[in-house]
Amino acid sequence: MGIKGLNSIITEHVPSAIRKSDIKAFFGRKVAIDASMSLYQFLIAVRQQDGGQLSTETGETTSHLMGMFYRTLRMIDNGIKPCYVFDGKPPVLKSHELDKRTSRREETEKKLAEATEEAEKMKHERRLVKVSKEHNDEAKKLLELMGIPYVNAPGEAEAQCAELAKKGKVYAAASEDMDTLCYRTPYLLRHLTFSEARKEPIHEINTEIVLQGLELTIDQFIDLGIMLGCDYCDSIKGVGPVTALKLMKEHGSLEKIVEYIESGEANNKWKVPENWPYKEARELFVKPDVIDANEIDLKWTPPKEDELIQYLCHEKKFSEERVRSGIKRLQKGLKSGVQGRLDGFFKVVPKTKEQLEAAAAKAKLAKKNAKGAKGKVTKRR
């Protein structure tokens, strides 16, 4: 689910923190990708002309494998070295959110049974898509045969992606979930695994610029995310993105915000959930269950051609001609991928206080100019 309204806050208040780029801009970069999120996208988006999922003659779904194979190839073609991270056991606090998802699925199943029009049926069917253990296992087998590394996270995949990025094993974490920022990844890439046909640029969010532009510490930013509503606990009823940011700037922490609301000074406009586990939720962001990135060795190896043909073509009935063509692209891309970026030859020096202040000032100016532009009317010549 991610964090409600966080993207809109960043877009409005710190637009300079989001850079929209073509995939070619990430040539030479290593990226840790949220595998479960990607597989979910593939199961929904990779479809036959009639709208059904791709499958073998015996009914085995193959949309996830088709998506994984060709989207990974696209990254390799553009000089990106992907590493996929799979979810482990969800935190106990997430059980409430998972229960809500189960209830929504049951409701959707009822609507599907009652649906009469084909378009309506298709809409409900897509909402019922779920990544299974079998989907994950098949994707891991495919990646292993392709020579693409993957990591089995002990907990949340986004947290492990952020850990790899923080420790410099990869450049960025890639996920659609905005809560990845709360795990302190230096960069978050969104839309990386989208279909090329969608022509959607990749959104690169710089966490440091976000914090500077919002004038929040990382701890306050995490508290803001929890207040907006995350997978670990409910939000404060009646508090939307605008109010949440205002309260965080005025009070500085969830403890003080809760104290302010419960004191009655807010005229009972908002209600804090009973036994609200915001401190436990905060702990999951600050100290997530991850493998230390220094213990992980990411290796990209040559694809196992014969085994890939056997798996994709003979077992999953993919076109052998297309798979062989894909393998050649994979071999070429992984071979040429050793060429690094120019900035890889230089030591990264931490930004000075003056540089950070300049970045924050630039973000404020961009916000001011954006507001001014909205009020202007362009005359026709």
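Any Cβ shown, glycine's included, is placed from N, Cα and C.
Annotation comment: Swiss-Prot describes 1-105 as region 'N-domain'. Residues annotated as Mg(2+) 1 binding site in Swiss-Prot, with sequence analysis given as evidence: Asp34, Asp87, Glu156, Glu158. As annotated by Swiss-Prot, DNA binding site applies to Arg47, Arg71, Glu156, Gly229, Asp231. Per Swiss-Prot, region 'I-domain' is recorded for 120-251. Residues or ranges marked as Mg(2+) 2 binding site by Swiss-Prot on the basis of sequence analysis: Asp177, Asp179, Asp231. Under the heading region 'Interaction with PCNA', Swiss-Prot lists 338-346, citing sequence analysis as support.
Each of Ser36, Met37, Val85, Ala153, Gly155, Ala157, Ala159, Gln160, Cys161, Ser175, Asp177, Thr180 belongs to the same chain as Asp34, Asp87, Glu156, Glu158, is absent from that list, and has a C-beta within 8 angstroms of the C-beta centroid marking the Mg(2+) 1 site. Per DSSP, the secondary structure of the region 'I-domain' (120-251) breaks down as 71 helix, 18 strand, 43 coil. Counting Cβ atoms from all protein chains shown, Asp179 (Mg(2+) 2 binding site) has 25 others lying within 10 Å of its own Cβ. Here the C-alpha separation of Asp177 (Mg(2+) 2 binding site) and Glu158 (Mg(2+) 1 binding site) works out to 8 Å. For Glu158 (Mg(2+) 1 binding site), other Cβ atoms within 10 Å of its Cβ number 31.
When the C-alpha distances from Arg71 (DNA binding site) to the binding-site residues Glu156, Glu158, Asp179 are tabulated, the minimum falls on Glu158.
Cβ neighbour count for Asp34 (Mg(2+) 1 binding site) (all protein chains, 10 Å cutoff from its Cβ): 28. It is Asp87, among the binding-site residues Asp87, Glu156, Asp177, whose Cβ has the fewest other Cβ atoms within 10 Å in the structure shown.
In sequence order, Asp179 are the binding-site residues from Asp179, Gly229, Asp231 with a C-alpha within 10 Å of the C-alpha of Glu158 (Mg(2+) 1 binding site). Within 10 Å of the Cα of Asp231 (DNA binding site), the following binding-site residues from the list Asp34, Asp87, Glu156, Asp179 place their own Cα: Asp179.
The two recorded residues, Gly229 (DNA binding site) and Asp179 (Mg(2+) 2 binding site), have Cα atoms 10 Å apart. Between the alpha carbons (Cα) of Asp87 (Mg(2+) 1 binding site) and Asp179 (Mg(2+) 2 binding site) lies a span of roughly 15 Å. Straight-line distance linking the Cα atoms of Glu156 (Mg(2+) 1 binding site) and Asp179 (Mg(2+) 2 binding site), rounded to a whole number, equals 11 Å. Rounded to the nearest whole angstrom, the C-alpha distance between Asp179 (Mg(2+) 2 binding site) and Asp34 (Mg(2+) 1 binding site) is 12. Model confidence over the region 'I-domain' (120-251) is summarised by a mean pLDDT of 90.
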